[in-house]
Amino acid sequence: MENILEVKDLHISFDTFGGEVKAVRGVSFDLKKGETLAIVGESGSGKSVTTRALARLIPSPPGRIKEGEILFDGKDLAKLKENDMQKIRGKDISTIFQDPMTSLNPTMKIGNQIMEGLIKHQKMSKSQAKKRAVELLELVGLPNPTERIDQYPHQFSGGQRQRVVIAIALACNPKILIADEPTTALDVTIQAQILELMKDIQKKTDSSIIFITHDLGVVANVADRVAVMYAGKIVEIGTVDEIFYNPKHPYTWGLLGSMPTLDNTGDDLIAIPGSPPDMLKPPKGDAFAPRNEYALEIDKEMEPPMFKVSDTHYAATWLLHEYAPDVQPPAPVLRRMKGFSNTGADSNSKEGEQR
Amino acid sequence: MARYILQRLGYMLITMFLIATFSFFLMKLLPGSPLKAEEKLSEAQLEILYEKYDLNDPVPIQYINYLGNLVQGDLGVSFQLNNQPVTDILANRIPVSAHLGIQAMILGTIIGMILGLVAAIKNNSWIDYTANVVSVIGISIPSFIFAGLLQYYVGVQLGILPIAFWDSFKHTIMPTISLAIFPLAIAARFLRTEMIEVLGSDYIVTARAKGVSNSGIMFKHGLRNALIPLVTVMGPMAVSLMTGTLVIEQIFSIPGIGEQFVTSVTTDDFPIIMGTTLFYAFFFILIILIIDILYGIIDPRIRLAGGKD
């Protein structure tokens, strides 16, 4: 399938009083047409920064794209002028944000908030845009769209607001939809609805989705491929099956081990010890080594390159080197990997447990 | 909405009644008498005057009489100013003060808002720092200093503007500028702070993600959300500017209400004190009502009862 977006060796830094915070340190991936790529990782791993950079939504200063390319539609978005970028934002690349309670303008009717993009990008008249806005609200499953279009955000519940946010993002049929933890701020039953809605819409519009989350239950439910990020880098990337059934990176093991499952195996949840490194001074060698019980001597000296596991599966860990000792994931993770065979079906209820 | 405004007008009447009552009795507690200043009067003459102005009646009777007249729109006559009716004095002096106040308010608010907006957009640039210094100066230095400086440099040295009195538009320029500096500083300060906060909020990122232009972000999404705190502080300030500012009126010899009010307090001119106080109160409550209605227009979340919820 054709690549719609290619990110090559992206570096993003923030200039702070304390110095340069290297939030993203060489991220490369591509996104195919119609697929859903999940980016997972704990807070501060750089997943939000990476995706915000794709739409150039990082405030600058203090943030800046230090190097790397974001190739979309024959253009390098990393170097595009702000004015040209405004023509792409909302039209080709849309974003759904995390907290629907704060991501809508409280003093603007939701209809106008949806119509804004249509009028700007599709050159629609006000009445055309209003008609389209009603259609969009229908598409995202909001009852009585003709009345509700003239209401303000505070007259909507959290789940309804997220539907409105999704309608805004979908307004111009974007080629890429970036969903930055779109269900994290919602309660569990609403989460499931929103996920269903997004899957549904993707089927109808054939857009590509980048789905950021730290919730592996959600990943199993929505993603085709998964990228695991740690300390500003992608440490493992593969199809959803490869990541869940054959994870190679110890950090991925840790994430899987810390995810509760319904088929209770009697294992305790495994917590990954320690906390992520300070990105003001990224450590030498593998950034995950200090928290990794399987770390090798070389991890302290040299960063591991991406090792190829299969055509679609890569992981950055020295454990994949031919000279490395044969290390198996910890037993609870292994048992869990077996249990994932029925994850896809009931992952929504798992999310519930996780909260 | 209409019901809400009617209800508020009802409360206004009650408030006015309470204010009239309190200020009447407080005023009666003032030491001295409106007639003592005229020392050449004999006991008998004083007695005649007391009788004429009903000052010999017990205070509760005076109070009831006053309220009775008040309801009919009669504020009494001044003890000092040749028995002029208080309503005439107010009618002569209030327009002058209001003219000056409105002019200063408009000038200060507009320039202050522009300054605050630019400072917020160019956050941490030299423009921002300049705006900051201007606001601090405007807030901390009293208006009469500016008045004096303007009079000396613009009025005396350059001689391009009249130093005092209230005749033509030219006469209003210097007092207006002196008065405008405080609201200017406050508007700049509040709008900058609020705008920076608003521009950092999630819905601004949403708007940017939609491809909205920078000016759209500022004016369509930013400004409206930043206006509430500004309206809150500017309302009462408008009242105090429009109801006469004693010092500025004195410095520029402007025949406004502020100057008259202070004179009447020092001479125990009861009817004028009462009349002016009631006018202030009425005006203040009116502005508060307007602010509350404005809130609803600016921010739908505080739209008042009777909205189409």
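Cβ atoms here come from the backbone N, Cα and C positions, even for glycine.
Automatic prediction, not curation, is the source of TrEMBL annotations.
The feature domain 'ABC transmembrane type-1' is assigned by TrEMBL to B:94-295. Per TrEMBL, transmembrane segment is recorded for B:9-27, B:100-121, B:133-153, B:173-191, B:227-252, B:272-298.
Among residues of the same chain six or more beyond the transmembrane segment (B:100-121), those with a C-beta under 8 A of the stretch's C-beta atoms are 127-128, 131-132, 134-135, 172, 175-177, 179-192, 195-196, 199, 218, 223, 230, 234, 237-238, 241-245, 248-249, 254, 256. Using a Cβ-Cβ cut-off under 8 Å and counting only residues 6 or more beyond its ends in the same chain, the transmembrane segment (B:9-27) has close neighbours at 59, 63, 66-67, 70, 270, 273-274, 277-278, 281-282, 285-286, 289. Sequence-distant contacts of the transmembrane segment (B:173-191) (same chain, at least 6 residues past either end, Cβ-Cβ under 8 Å): 100-101, 103-105, 107-109, 111-113, 115-117, 119-120, 131, 134-139, 141, 143-144, 146-147, 150-151, 154-155, 161-163, 226, 229-230, 233-234, 237-238, 241, 245, 248-249, 251-252, 254. Non-local neighbours of the transmembrane segment (B:272-298) in the same chain are 5, 8-9, 12, 15-16, 19-20, 23-24, 27, 66, 70, 75-76, 78, 80-81, 86-87, 89-90, 94, 224, 227-228, 231-232, 235-236, 238-239, 242-243, 257, 260-261, 264-265, 304, 307; each lies 6+ residues outside the stretch with a CB under 8 Å from one of its CB atoms.
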